[in-house]
Structures are given as C-alpha cells and as structure tokens.
C-alpha cells in the first residue's frame with residue numbers, strides 16, 4: 001500500500017537511490033553504505049509495494065550483469081535489504097520470479113563456475129562464487145520459514161548439479177534472527193475507537209496508527225512522530241499509547257547520556273589540570289627557580305586554612321612560571337630584532353659597494369642563508385620622480401647638442417650638464433636592474449597567459465564534447481563534395497563522342513532538365529554518371545545559309561535547300577584509334593553551333609536497334625509524334641513517296657538539349673563498321689531526299705556536323721542514280 005505521495009514518484013526515488021548506492025564510481029564492487037541503508041529504510045517503511053521494490057532490484061541486476069563490479073555491489077545491496085527490510089519483502093525475494101532470474105539467467109548463462117571462460121576470468125569467477133555463497137546463506141536463514149522454502153529448493157538443485165559452494169566459518173551462528181526486522185504492522189479494521197470505544201460516523205472519522213496499526217478517533221490519534229525503529233523518518237500519525245511508549249524509551253537514554261556527559265566533563269577537567277601542572281614544573285626547571293612540592297588533592301582537608309595555603313602556593317608557582325616565560329619571549333624577540341638589523345645593514349653596504357665599484361654589473365645580489373631565519377627577498381628599487389626628471393632632462397640636452405652644432409660647444413662645457421651626468425651615471429645600474437626585472441615579469445606573465453589560454457581552450461573543447469554527447473549536436477551526414485573536373489573532361493569531345501552515345505541511350509535530354517553545373521549539386525539522370533558540358537566550336541561560315549543568301553535567285557534556293565539537308569557525320573574506319581590513343585583523337589572534330597542557341601545533336605540509335613532503322617528516336621515519349629531518323633532504303637518505295645508528297649506537314653518535334661556522353665565500355669569493337677555497312681552513305685540519302693519533292697524538311701531547326709571529306713572512306717558505295725534537276729518556275 002502507498003501511504004506517502006504517489007507510487008510513481010516513490011518508485012523513481014527508489015530507483016535513483018539504488019543506482020547511487022551501486023554507482024560505478026565505487027571501486028571493487030563495494031557499496032555506498034549510507035545510501036544503501038536509506039534504500040532499506042524506504043523498503044521497510046512500506047511506502048512502496050514489496051513486489052515493486054523487488055522488481056527495482058531485479059531491474060538493476062539486469063542492467064549491470066555484464067559488469068562484474070557493478071553486479072557484485074548490486075548483489076551485496078540485495079543481501080543487505082534481505083537482512084533489514086522485513087518479512088513482507090522476503091516473500092517477494094523468495095519468489096520464483098526473482099530466484100529463477102538470478103540462478104537460470106545471471107548465474108548459469110554469464111557466471112557459471114563450471115564454464116572454462118568464467119574460470120579464466122578472475123572477476124567473473126569471484127562473482128559466480130559470490131552468487132553461490134549468497135544462495136547458500138539465504139537458504140540457511142530461510143530454513144525455518146515455510147513461505148520462503150523456494151530458496152532452499154534452488155540451493156538443493158544447484159547442489160545436486162555438483163556446484164561447489166564455499167564454506168562458512170560461522171555457519172552455526174546463522175539463524176532466522178538475522179532476518180527478523182521490525183516493520184510497520186498491518187492495519188486493523190474496526191467500527192469503533194480502540195481507546196474510547198466511540199463509534200465512527202460522518203463526524204467522528206477513523207484513523208490508523210502507523211506504529212501499531214490500530215483504529216482510533218481523531219482525539220486519540222492526533223499525534224505525529226517519526227518512527228525510526230520502523231524505518232520511517234518522516235512524522236506520521238500515532239495513537240496516544242504509542243506516543244507514551246516512544247517517550248518512555250527516550251527518557252532513560254537521555255538520563256544516561258546526561259550522566260555520561262557529566263562524568264566525561266569531570267575527567268576532562270582533571271586531565272587539563274594535570275597537564276597545566278606539568279607545564280608549570282617544566283618551565284620553572286628551565287629558569288632554575290625552586291619548585292614547591294605539589295599538594296595531593298586526594299588527602300582529606302577539613303579545615304579552610306589548608307585550602308587557602310594550597311591556593312596561595314599554586315598562585316605563586318603560576319606567577320613565577322608566567323614571569324619566566326615572558327622573560328624568555330622578550331629575550332628571543334630582542335635577539336631576532338638585532339639579527340634583522342644586522343642583516344639589513346650588511347645588505348645595504350654590499351649593495352652600495354657594488355654600485356660604486358661597477359655599475360655595469362647586472363647581477364642581482366643574493367642574500368646569504370642564515371640558519372636562524374629565512375632569507376630576506378629584496379624588491380627591486382624603482383626610480384623616484386626626481387631621478388626620472390634628471391634622466392629625461394639629460395636626454396633632452398644631449399639630443400639638442402647632437403642636432404644643433406651652434407650650441408654644442410657651449411653646452412658641452414656647461415656645469416648643469418656635467419652635474420646631470422654625474423647624477424645619471426650611478427642610476428644606470430638601477431635602470432638596468434629594473435629593466436631586467438620588468439623583462440622577467442613580462443616573460444612570467446606571458447607564460448601564465450599562454451597556460452591560461454591553453455587551459456581555457458581545453459576546457460571549451462571538453463565542454464563542447466560533453467554538450468555534443470548530451471544533446472546530440474553531431475553532424476550525421478558529411479558535406480557533399482563536388483567532383484573536380486580534370487583537364488581531360490574539360491577538353492573538346494571527339495567526333496566519335498559527339499556523334500555516337502553510350503550503348504543503351506537512344507534519346508536526347510529533355511528541355512526542362514537543369515544541368516548540374518547550374519545548381520551546384522551533382523545529378524545522375526538515368527543511373528549514369530554526370531558528364532560536364534563540353535565546349536562547342538563555332539560552325540564554319542559556309543555550313544549554313546545566311547539571311548542574304550535567302551533573298552537571291554531561285555537557283556540559289558535549290559543549292560541552299562541541298563545544304564540544309566540533315567547530314568550525318570560517319571567517322572571513317574581508321575578514325576577509331578585503340579584504347580591508348582583516345583586522348584590524341586579528342587580534338588579532331590568540332591560541333592557547329594545550333595540555331596536559336598539550342599544544342600540539338602542527333603546521335604546514332606543503340607546497338608539493338610540496327611535491325612530496324614525506322615524505330616522512333618525517343619522510345620519513352622508517348623505523347624510526341626514519332627519520326628524516322630533515316631528514310632527507308634528503297635528510294636522508289638511508294639510508302640516513302642506518299643509520306644513526302646502529302647500536302648500537310650507533320651508537326652515539328654520540339655528541340656531538346658543533348659547530353660554529351662562519353663564512350664561506354666559496353667560498345668562492341670566493330671560497331672562503326674556494322675553501322676556503316678547497314679546504313680546507306682550520305683550521298684544516297686541526299687538523293688532520296690531530293691527525289692521526294694518535299695518543300696520542307698522534317699527538322700528545319702536541326703543541323704548536323706559534317707565530317708571532313710578527306711577522312712570519309714565508305715567501304716561499299718552504291719552507284720549514284722541520275723536525278724534530273726527541276727526547271728525553275730517563271731514568275732508571271
């Protein structure tokens with residue numbers, strides 16, 4: 001039952017006290033005995049249910065079983081609670097819940113004395129033997145109680161398993177009296193007061209006495225006293241009978257304590273008198289004054305004359321001793337003053353001789369060591385105001401003599417300057433000593449300042465580490481470092497890298513894609529590594545028609561129409577160097593600039609699409625209209641003619657930014673040869689496009705790089721077909 005406050009607060013208080021009593025700062029598995037006794041008082045006072053107290057100790061065992069020292073201190077605390085907390089707590093300790101946890105989990109799993117790992121560790125072996133000794137001791141203490149027989153059964157079970165229990169030297173002295181502890185009694189219920197026998201009602205309410213557990217009215221239970229014998233240190237309600245018993249117990253103890261204090265005070269007075277008498281005798285012997293024989297106090301003196309005589313004798317002896325001690329003290333003081341004066345005179349004479357003999361001597365005089373007194377440390381004499389004024393005046397005059405040549409001769413023979421020189425020269429040694437002293441002090445203060453700064457820095461680092469450990473101010477994710485782009489990646493891409501992407505990528509980058517360089521963070525679209533944007537060279541002036549060429553004759557329009565046909569740069573077979581020559585071929589070709597400041601580069605389809613060249617360029621775009629990159633091989637096919645002869649033009653696909661990709665390691669070694677063999681040459685494509693009689697191109701805003709003609713060497717070039725040139729229209 002919970003009498004004082006809420007049970008949760010009491011539980012927290014008990015857990016904290018258990019943790020402090022078995023703190024890890026206590027060495028060798030010992031206990032903090034005052035805190036441990038507070039734990040036992042808290043359990044014995046029944047402020048918490050006994051099962052809750054047992055579970056608090058069990059929880060502490062579970063928290064400390066991996067540390068042998070903490071486990072030893074916790075086991076000792078459990079043993080102390082068993083011997084001081086009463087029968088209500090023993091019933092919970094002897095339960096199956098606690099004993100099985102102690103024996104089956106802590107002992108047999110972690111500290112089994114039969115295990116070779118435990119035997120190799122001295123600390124674990126000591127803990128295992130401590131558990132066995134405690135179980136054996138508890139079984140002896142609980143042998144006379146049938147309610148606590150489960151501990152005895154656990155002991156017998158371990159004994160049958162051939163565990164060696166330690167022997168006790170005083171086993172016969174252990175009995176049930178070690179666990180007999182006075183605890184608060186259980187409450188008794190009744191309908192009337194046990195003193196006045198008045199029945200309880202709405203007005204006359206009943207109250208329980210914490211000392212005896214009886215029921216009493218307000219009149220006979222209005223007393224509040226602490227019950228220390230029951231482990232209750234706070235004032236609690238008690239009846240009149242229990243109050244009278246408590247007072248009767250305290251009276252003889254107070255009487256005994258008062259008589260004992262009187263006896264001790266008398267003994268102390270006698271001892272002081274004896275010590276004073278001995279001191280007086282010793283002092284009189286030193287001064288060679290005759291000492292009168294001490295008068296024995298034990299002799300019976302009935303007359304008043306003997307008392308006065310002894311008092312007078314004591315007074316005379318005391319006065320003589322005081323006078324002798326004062327005389328010795330005065331002599332010692334006089335001798336000390338004379339020695340001090342003599343030493344000061346010697347130091348002044350020595351210092352004066354050093355100044356007169358050599359004022360360049362910078363050594364500070366060291367006082368001689370005297371056996372009778374400590375050496376006197378002389379402070380460095382500072383300059384007076386007059387001396388400083390003389391020095392400043394001398395410096396000013398000498399400065400004027402050096403700078404002004406007209407008055408230099410007159411000033412050099414001036415008597416005042418000569419007098420100042422005689423005054424200033426003896427001060428040189430004093431100034432030098434002051435300078436040396438100041439420099440030493442400055443060095444000392446600098447060292448102290450450095451030490452204080454170092455200590456402050458170490459303290460701040462220690463405080464920061466503690467704050468980080470406490471509040472978790474730790475950087476969980478390291479800062480993202482952008483990959484550096486080397487010179488190889490910054491250089492211009494080869495024609496191979498511009499025209500053929502990595503295998504498995506057959507579509508361009510979308511227009512809404514933000515390049516990683518604009519955001520500052522690396523992005524990896526499609527699971528590929530980011531490739532920095534390559535610089536694109538300017539297109540030659542003859543590669544695209546200008547605005548002036550568009551206004552010329554219709555004959556020139558036909559030529560411009562031929563030059564605006566999308567052409568594809570097929571690298572020759574010999575332009576693909578081996579793996580070691582990639583860096584040399586990086587700067588062979590350059591891309592021309594695209595119209596409208598947009599980079600729209602078309603690349604070859606992936607390897608798996610060579611069998612079907614009419615596959616869409618952007619397989620993932622379902623909403624856009626699909627186009628064929630190359631026209632069909634048959635120049636005279638009806639499907640291609642119908643497609644190009646239709647009056648309505650198909651919508652132009654929006655331009656997309658192209659991500660330049662480096663050559664993938666998965667590209668077949670003969671991919672270029674296969675591509676040039678499967679696809680027709682560029683001349684055939686131009687002729688087929690001219691025969692289609694279509695006035696517009698599918699991609700008017702797209703231009704493709706044209707490789708140099710001297711490097712293009714197709715393997716098999718089909719014969720060209722003759723196509724008649726259409727006649728120009730006559731304007732009417």
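Quick reminder: no glycine exception, Cβ is built from N, Cα and C everywhere.
Cβ neighbour count for residue 239 (Zn(2+) 2 binding site): 26 (other Cβ atoms within 10 Å of its Cβ, all protein chains included). Here Swiss-Prot flags 209, 212, 239, 242 as Zn(2+) 2 binding site, drawing on sequence analysis.
As annotated by Swiss-Prot, compositional bias 'Polar residues' applies to 253-266 (among others).
The compositional bias 'Basic and acidic residues' feature in Swiss-Prot is assigned to 329-340 (among others).
Taken from Swiss-Prot, the feature compositional bias 'Polar residues' covers 492-501 (among others).
If you look up Swiss-Prot, you'll see 502-513 (among others) marked as compositional bias 'Low complexity'.
The compositional bias 'Low complexity' annotation in Swiss-Prot covers 520-542 (among others).
The compositional bias 'Polar residues' feature in Swiss-Prot is assigned to 596-612 (among others).
According to Swiss-Prot, the feature compositional bias 'Basic and acidic residues' maps to 655-664 (among others).
A mean pLDDT of 90 is what the model gives for the domain 'VHS' (23-166). Feature annotation from Swiss-Prot assigns domain 'VHS' to 23-166.
Look at Swiss-Prot and you will find 313-332 tagged as domain 'UIM 2'.
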List, in sequence order, the same-chain residues at least six positions removed whose CB sits under 8 Å from that of residue 212 (Zn(2+) 2 binding site)?
185, 239, 241, 242
Work out, from DSSP, the number of helix, strand and coil residues along the domain 'VHS' (23-166).
106 helix, 0 strand, 38 coil
Packing count at residue 209 (Zn(2+) 2 binding site) (other Cβ atoms within 10 Å of its Cβ):
25
What counts of helix, strand and coil residues does DSSP assign across the domain 'UIM 2' (313-332)?
20 helix, 0 strand, 0 coil
